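Working notes, beginning with the structure itself.
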Amino acid sequence: IFCSRLGGDERRVDSRTIYVGHRSCPANEAFIPPKFCDNRIVSSKYTVWNFLPKNLFEQFRRIANFYFLIIFLVQVIVDTPTSPVTSGLPLFFVITVTAIKQGYEDWLRHKADNEVNKYPVTVLEDGRRIRKESEKIKVGDVVEVEENETFPCDLILLQSSRDDDTCFVTTASLDGESNHKTHYTVPDTEKDLESLNATIECEQPQPDLYKFVGRMHIYKNNREPAVRSLGPENLLLKGATLKNTQKICGVAVYTGMETKMALNYQGKSQKRSAVEKSINAFLLVYLCILVSKALVCTTLKYVWQSKPGQDEPWYNEKTQREKDTNLYLKMFTDFLSFMVLFNFIIPVSMYVTVEMQKFLGSFFITWDKDFFDPEIKEGALVNTSDLNEELGQVEYIFTDKTGTLTQNNMEFIECCIDGFQYKYRDASSELDGFCVTDGPVNKLQQKAGREREELFLRALCLCHTVQVKEPTEQSQCQVDGRVDEVDGLGVDGEVLQTSEALRGFIASSPDEVALVKGAMRYGFTFLGLESKTMKILNRNNDVEMYELLHVLNFDPVRRRMSVIVRAISGDTLLFCKGADSSIFPRVRQEEVERIRMHVERNATEGYRTLCVAYKYLSAEEYAQADAGLREARLALQDREQKLMAVYNQVETGMSLIGATAVEDRLQEEAAETMEALQGAGMKVWVLTGDKMETAKSTCYACRLFQRNTELLELTVRTLEDGGRKLVPRLSLYIEIILSWSLTNQDYGFIIDGATLSMVLNSSNESNSSRYKNLFLQICQNCTAVLCCRMAPLQKAQIVKMVKNSKGCPITLSIGDGANDVSMILEAHVGIGIKGKEGRQAVRNSDYAIPKLKHLKKLLLAHGHLYYVRIAHLVQYFFYKNLCFILPQFLYQFFCGYSQQPLYDAAYLTMYNICFTSMPILAYSLLEQHICMEVLLDNATLYREIAKNAMLRWGPFLYWTLLGVFHGLLFFFGVRYLFSNPALQDNGQVFGNWSYGTIVFTVLVFTVTLKLALDTRHWTWINHFVIWGSLAFYVFFSFFWGGIIWPFLRQQRLYFVFANMLSSVSAWLVIILLILLSLLPEILLVVFRKPRGPHARQVEPKHTDTLTFPLCFTTFLPLFLDAVLHIFVVKRGWLLLFSIMYFSE
C-alpha cells in the first residue's frame, strides 16, 4: 500500500515518481531517470516468429493429433501393411486448416491493436503541440485531449477548458456506466503548463478502477514546494471518453499494459469444450483397446510360430536378413505393424467432421431471423465456432446489469411528500385533483402543504452533481409543444420555455438526472452551476440562487449523498438523499412512519427508491463541519476514513421530507428470459459495478429475487453493523440455509466488492481456501446471487472460482461493455451484447447477440440441439469404426496373424472419407429430435442433457457394446456363408478379397441405415446423402473393380464386386445380416411409445422446401419390417433352401 507523510523522512514503498513534462527536479534532490513501459497495447497471441512452433505445440496437445503423428512416423519408418499417406494426409489437412483459422483470428487482433496504437494524439512539448502516435506516449508527457476523444493512457488532470476547472467523462467501456462523471484539476497548478515545474508521486499500477492515491509537489521560485493530494477524482482512465468539455490537458502516469484498463484485461486463452474433453477420454479407452489388440495378435503370432513347421513353411522360406534380425526387434516391429493395421479404430476423420460440423453449424445462429434486431439492423455474430455444443451445457450464468439486464434508461415515476403520493401523469390523461394517501395519515387532505412541496422540490434540484448541457440550435427546432401536467402539484398554468424544456442534463448517475427531470415536471427547474452558484427556476418563474459550499459524495457504505448550500437569505442548509435504511436512523421516527409504507410499496414494485431529508446548520455547526472536511480532504493517510467520520457527524438530526420512485427500465423480455433460464436449471449471478440498492431493485424486477426470497447480505455495512468477523458471518448464513432447506425457502445472496476481496485475497492461504469454500457453499444453495460494486478483474475472479469449484460446472458470462471483457474471457462461454457501450465485449466474446432476450433461444434451442447433434456424432463415429476394425482383428485369427488386411486399401481409405462421412455430417447439422418451439416452451428439457448426459460412460458403453455385437455378427455371419466353398453357379469359390468385400458391404449398409433409424427430422439433404452414399459405394465398387488401373502394381478387387453380386447366397446373407443387425433397433423404434415432449408432435404450419414429411420417421421402420417379413415369412422356401444348401 502506498503510504506517505507530509513532513520528515519517509520510505517510499511501491511508489513511482513522475516528472511532469520530463523537466528535471530542483538541484537539491537526486534525479534518477525513471524507466516505464511504453504505451503499446498487445492483445494478440502470436507473432510472425513464434506462430509456427507455438501453434503446432497447441495443436499437438490434442491426443488425437499427437497419436496420428506417431502413427505417421511409424508408417514412414517401419514396413507396415498400409501406406503413410493414409495417416499423413488427413493429419496435414486438419493441422493446416486449424492453423489458418487461428492465424486469421490473431491477425484480426493485431489489426485491432494497431488501430489503437497508431491512433494520433496531441502531446505538448516545449510549448508546441505535436501530433504523435498513441504508442509513443511516455510517462510524464503532457497530453491534450479534445471533446468526444478517448484518453490514450491514464492521466492526471492538470487543465480544463471549463471555467470551474472540471471535466466530464463517460466510463462506459470500463465499468459499463454511460453517465457522466465529474473530475477535477489539481488545485493551484499553473495556467501556462510550459512553466509548470512539478513531480507526482503515486502508487504503482493496480487494477482497482475506483482507487488511486498520490500527491503532487509544485515548485515555484525556489520556495517550499506546495503539496496537493491526488485521488481518483483527479485521474482520467484510458478508455474513458471526454464529454461536454472542449479540451483538457493531463500528464501521463500509467501507460500501455500498466493502465488500469489493461490490468483489468484477462488474457485470451484457448477455450476447450466439455465435449472435446470427453472425446479425449474416449480416445484413451480406444487407444487401450488398440494396444490390447496389437499385443494379443503379436503374442499369438509368436505362440503360433513356435509350433514346428509354422515359423518357416516350405512355401515361405525366410531370407538370410530375416534370420539374422533380432527377435525382440522383430517382435516390436510386428507390434507396430499391428498398431498401424488396427489404427483406423481411432479415425482422424472424426476431428475433420467435428470441425466442419462446428464451422457450418455456426451459420445457423447467424442466419436465425429471430436474432435480428431492427433497431441496430444486425443479427447474431459467431466469433468462435468451437463452443457451439457448450451452449447446451451451461450451469452458471454471470450477467452484467447495466446495459445487459437494463436499458440504463431511468424514468421518474412518482414521489411522496409527508405521506402523500404525487404521481406524474401525461396531459392526455384525466386528473382527479386528489393525492393518494399512502401512509398512516388519518386526515383527508388534497396534498401536502405548499411550503413542504417546495422544500422537497428544492432538495431534488440542489442535492446532486448534475451539470447542465445547453440545447443546440438543431434541437431547439424540434420542439413538439407537448405540455405535461402533474397530479397534485400544479404548474399554475405556466408552460416551460422552449430552451428549458430541451435542456440537457449530464451526471454520474442516471438516478440524479431522472430526479432533476422529475422536479422539472412539478415546476422546479435546475438551471446549472456557475462559479459555485446553483440556480433554480421555481414555479413562479423566479430564479433562486444558492452557493454550493460542500458536496458529501455518495459511497456504498453510507449509501447516501449530501450537499451543503447557502441561500441568499444567509441560511445554511444540508440536503441529503439516500437509501431508506441509511436515512431512517438519522431522522425523527415519527416522520419515518409517514413515509415507510410508500417506500416499501415502491420497492416491491421494483422501483428504485430514495429518501430525501434536510437540516438547517447554525454558523457554529457549519464552521465545525467546514474545518473538518477541509482537513480530511488534505490527508494522505486514511483519507476515506477521516472523511467518513466528518460525513457521519454532519448528517445527523435531519428532518425527513419525502421519498422518490424511479424506474430503471429492463431490457425487453428480461424477466421472462431469466425465468426461463432458471427453469432450465441454470443459476444466475449478477455481477455489477453499480450500487447495491440499484442492483437489488433490478434483481426483483427480473424475477431473480421473488417476494418470498430471503436475502442474505455480506457487505462492509453488515460486517460493521453486526460486529462480526467474516467466518462467523458465513457460517451463520450456512446454518440459516440448512435449517430452512426442508421448508423449500428460496434464498438470495448479496455481496459487495470490498467483502469479496476479503474472501478471495486473504493473506493466509488456509483462511483464503476456507473463505472460498464457505462462500461457494452459500452461493450454491441460493437461487440467485448478486455481487455489486465489482471491479472488472473481480468479476473474472468470481467466474474463475466457480469454474474451478467441485464438479467444474460450465459457466457463461454475458455483458455489453469493456468492463465485462475479463469475465467474458474467463468463462467457458462468453456472450457479448451489441449494446450502446462500444463493441469491446462483442470483439472479445465467443458469441454476440443484439438483446438479452435472444439468450433464451440461443441456449434452450440452439444450444440443446448442438449438444445432442455433436454427442450423437462422437458416439456414432466410435461405434462405426469399432464395427469397421473388429472384423479386421478377428480375421487375424484365421490368417496366421500375418497382418493380412481384410479390406482393400481403397476401402480402408474411403470408408471414413466418402462412404460414411456425409450422412453423419448432415445429421449433425440438421437433426431436430425435438422441434425448437417445444424446446422454448419446455425449459426443463434442458436439464435432461445437463452435465454432459449423452457423453457419459453409460451411453459410451452402450455404443461400444453395439459396435462389438455388429462386428461379431458381420464377421461370423459371412464366415458361416463361406463354410460352403462353392458359392457361384459355375462352382468357383470365393477368395479372401470376396470375403472382405461382403463384410464391408454389410458394414456400410448397416451403419448408414442405423443412422437413418436415428434420424427424426428428415430433409431432402438427409435423403440425398444417406441414399446417395449407399449408391456411391455400389457405383465405386463396380467402377474400381471393373477397370484395370495401370498405376496399381496389384489389383485385388478386379471384378470381385460384380462376381459377388452374381451369387444368390451372397445377396441373401447381405440382406439377412443387415436386417439382423438392425432388428433390435427396428423393434425399439416400432414399439417405443413417445413420452411427453420428446415426441415431435408439432405439425408443420407451412410447406418447407427443406423438410420431408415427419411421418417418414415411422415409415422407415415399417418399411424395413416389411422387407424382413417378405424375406423371412413369404419367401420362407428361399431361407429353407439356403440352409439345406449350406448343410451339404
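Quick reminder: no glycine exception, Cβ is built from N, Cα and C everywhere.
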Feature transmembrane segment in TrEMBL, mapped to one of the ranges 58-78, 1108-1128: 1108-1128
Residues flagged as transmembrane segment in TrEMBL, choosing from 864-884, 906-926: 906-926
Of 773-792, 993-1012, the range TrEMBL labels transmembrane segment: 993-1012
Contact call for the transmembrane segment (1024-1045) and the transmembrane segment (956-978): at least 3 Cβ pairs under 8 Å, seq gap 6+: no
Average model confidence [pLDDT] within the domain 'P-type ATPase C-terminal' (842-1089): 85
